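This report refers to the structure that appears directly beneath it.
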Amino acid sequence: MWHLTLNRRERLTHDRNGLSEKSRTQLKRSGILKMAITGAETMAEDHGEPFVLRATKIAAVVALYWFISITMVFLNSYLLDNKDLNAPLFVTFYQCLVSVGLCGLMQLLSMIKPDFVNVPAVNFQLKTSREVLPLSIVFIGMITFNNLCLKYVGVAFYTIGRSLSTVFNVLLSFIILKQTTSLQALVCCGILLGGFWLGVDQEGLAGSLSWSGVFFGVLASACVSLNAIYTKKVMPAVDGSIWKLSYYNNINACLLFIPLILVFGELGQLSRFNRLTDLKFWGMMTVGGVFGFAIGYVTGLQIKFTSPLTHNVSGTAKACAQTVIAVVYNSSSKSFLWWTSNMMVLGGSSAYTWVKSREMQKTTRKVPQEPDKEKLLQGEKGDAGV
């Protein structure tokens, strides 16, 4: 009986080794293409699913991300370009208000139909709201300056106007986190800066440059970088839940926007606006808020179905398509150097993402081989406080 059991175990081990060899052979034949689309991490999770089905899902998710992101930018541009209502803070405030309402609706649906919608229940706590407040201040700066940049420069120049986020990531990581950056990554930032200045120069020569838009774009880029840093800092306050963080962030933002609307005199603008009872206006405002809420979901969905690297490449390609659509839609004529500046910005951004991805992969491969260093890194993460 003992020998029989051993024989069975040997056969099982042999079968597993055979399957393992077979899997490695299949990976050699089709793994490269799958990794290019799905990313290395997602390969293991979806083993056994037909590749065509997997590729179709990815294509659908990427298309959804492109549709929501591009539509949201054009819709915000339309709302902010309203000649009768110069109230960008109110527009942004209303979008945050819609996001809070949708968070509440999703929680309600989760209680009624938990199999259909599954989100964690959030009971509002003043202590947590205070802990998230620093992030919320940066958050309202980010979305407000984003919208102000879009208002003054338009969709075509928006990609260049908002292109310095990567540069600020490197700068603030060094100043706040004391993290150094590789030479290759710095070269990518140099290409980005060159593309930015060339774009500003060409827009100026065309006579369509708005220095206010450029200024707000630079501030928005800085706030995007600060938002990433402060998000890491406050995540423990919401138990690491992105859903809770979004909920508290939008509630805080709504409260913070009210005094800002009063200080900048937008209440007077609203009182003189003759379309306050127009359902079409409020419908467009609400749709803008829904798309603003949805972009967070589809961004996470695209990362889940692909990889962070593929998501960044997709975002870069989306920005390129968005610029082309804007130029064609407005029947604009742009110089060769103007298009070159866009390619420098998009190319520098893609190259930076690739370089950082390679550096992270090297770090990941080194850490398991050095247990002491792994413990040290874990300790640093816990004490970073950022």
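Every residue, even glycine, has its Cβ placed from backbone N, Cα and C.
Summarising the annotation, TrEMBL assigns domain 'Sugar phosphate transporter' to 57-328. Sequence annotations record features per position, and here TrEMBL assigns region 'Disordered' to 363-386. Residues annotated as transmembrane segment in TrEMBL: 58-79, 91-112, 132-150, 157-177, 183-200, 212-230, 250-267, 279-299, 336-355.
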Mean pLDDT across the domain 'Sugar phosphate transporter' (57-328) comes out at 89
Per the Cβ under 8 Å criterion, with at least 6 residues separating them from its ends, the transmembrane segment (279-299) contacts 61, 64-65, 68-69, 71-72, 75-76, 78-79, 91, 94-99, 102-103, 242, 246, 311
Quick one: do the transmembrane segment (157-177) and the transmembrane segment (336-355) reach 3+ CB pairs under 8 Å, ignoring pairs fewer than 6 apart in sequence? yes
Counting only residues at least 6 beyond its ends, the same-chain positions whose CB falls under 8 A of a CB in the transmembrane segment (183-200) are 157, 160, 163-164, 166-167, 170, 209, 214, 337-338, 340-349, 351-352, 355-356, 359
With the cut-off at Cβ under 8 Å and a gap of six or more residues from its ends, the chain residues touching the transmembrane segment (336-355) are 159-160, 163, 166, 182, 184-185, 188-192, 194-196, 198-199, 201-203, 206, 309, 312-313, 316, 319-320, 323
